[in-house]
Amino acid sequence: MTTYKLLVLPGDGIGPEVMAEVEKIAAFLTYEGLVKFEIEKGLVGGSAYDVYGAAISEDDMARAQEADAVLLAAVGGPKWDQVPYENRPEAGLLRLRKDMQLFANLRPAICYPALADASSLKREVVDGLDILIVRELTGGVYFGEPKQIIDLGNGQKRAIDTQVYDTYEIERIGRIAFELARKRRNKVTSSEKRNVMKSGVLWHEVISALHTREFPDVELEHQLADALGMQLVRRPKQFDVIVTDNLFGDMLSDVAAMLTGSLGMLPSASLGERNATTGARKALYEPVHGSAPDIAGKGIANPIAMISSLVMALRYSFNLEDLADRIDRSIAAVLEKGLRTGDIAGGAQNTISTAQMGDAILEELKIAVH
Ligand code: NAD
Ligand code: IPM
Ligand code: MN
């Protein structure tokens, strides 16, 4: 059996709390001989800054580059509000994405049947929802230069962020979206603001040309990003795959999360290009949510986004579809039983803790594999 090298980066806030539940499941899978993980742990975000004075150490960067997959929980928090901008906790995550060239961020938003009433929208709007946001992750305004604040000397300052996209960056993320759509409901919605932004004009042009050239069998539509935000809460089931840039993808995926009941439900996979010879690709798996400083340390965070991120690793990095399906079904079964962490409880009194949710999923999984 292949041994997979996993680098585990719990990070800050609720990060270590939700990662502990994933570690329980990984230990169980290893114990049962269902998969063989060689797990190393590292630091990222504020917890790395406190030890190394940087949001990720060179050593952990090197280990991330060598791992078969990296699992990251969350970074950030008010404790590090005053650290220099280049060392802020988020810089560790951004460096991992950029240096590992993880340009494709897949953010599935699936509404579990048991949670159709947990969303802030009406049941019929979200019931059966299954959309996939494909977010470009290594370009755009997150990384474009110049990025700076200039002192104008007259008591005024000027802040500059730069949105930059080259043809190849749009093409490779578009290709991922079209390929994934073919395995789903065969529809891609591409989103930008070409009415205001030059990068939007190029985005629209490149995605349209790629569609004609390589994917004429896939349905393609374009929606301006503001209108798409509106449609996401109006009639979200019209979407299959949404492909968009780094910043729009960040915002739209938080909106999509609430369609499923909670931000604590959404996993993601950040993937690099496939190696042409080995077929392997660099990958980092992380929930869409952050370090949730408001509930950190209380043991009440929802671990499902983090556990589902491990499930995505089984699918996208290790080709263990059966095992991934079994964990997914275990999560669904726990939700069917009415077990809820506070974020998805909808005001109900009987909420369970992070550890109880992890244990409940593990119990279902034990039944599923025996
Ligand atoms: P957040 O996602 O941390 O929290 C937003 C809200 O959702 C909070 O009310 C929080 O309690 C709730 N929430 C989030 N995850 C939850 C979970 N698993 N279970 C239950 N409730 C959950 O966003 P924020 O408060 O805007 O940001 C806090 C910090 O996290 C910031 O420093 C931000 O930069 C960082 N952040 C990190 C990541 C990441 O590491 N991938 C992602 C987003 C934000
Ligand atoms: C996310 C987060 C990150 C982002 C932050 C923490 C850098 O919000 O993964 O959604 O903006 O990409
Ligand atoms: Mn975000």
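Here the Cβ of each residue, glycine as well, is placed from N, Cα and C on the backbone.
Because TrEMBL annotations are produced automatically, they should be read as predictions rather than curated entries.
From the candidate list ARG107, ARG123, ARG213, ARG235, the residue TrEMBL records in the substrate site shared with ARG97, ARG135, ASP226 is ARG107. Residues ALA292, taken from the recorded positions ASP81, TYR142, ALA292, are distinguished by a CB atom under 6 angstroms from ligand 1. Separating the Cα atoms of ALA292 (NAD(+) binding site) and ASP254 (Mg(2+) binding site) is a whole-number distance of 13 Å. In this structure, the recorded positions under consideration are TYR85, TYR142, and the one with the smallest number of other Cβ atoms within 10 Å of its Cβ is TYR85. When the binding-site residues ASP81, ARG97, ASP250 are checked against ligand 3, ASP250 have a Cβ within less than 6 Å of one of its atoms. For the pair TYR85 (NAD(+) binding site) and ARG97 (substrate binding site), the Cα-Cα distance reads 18 Å.
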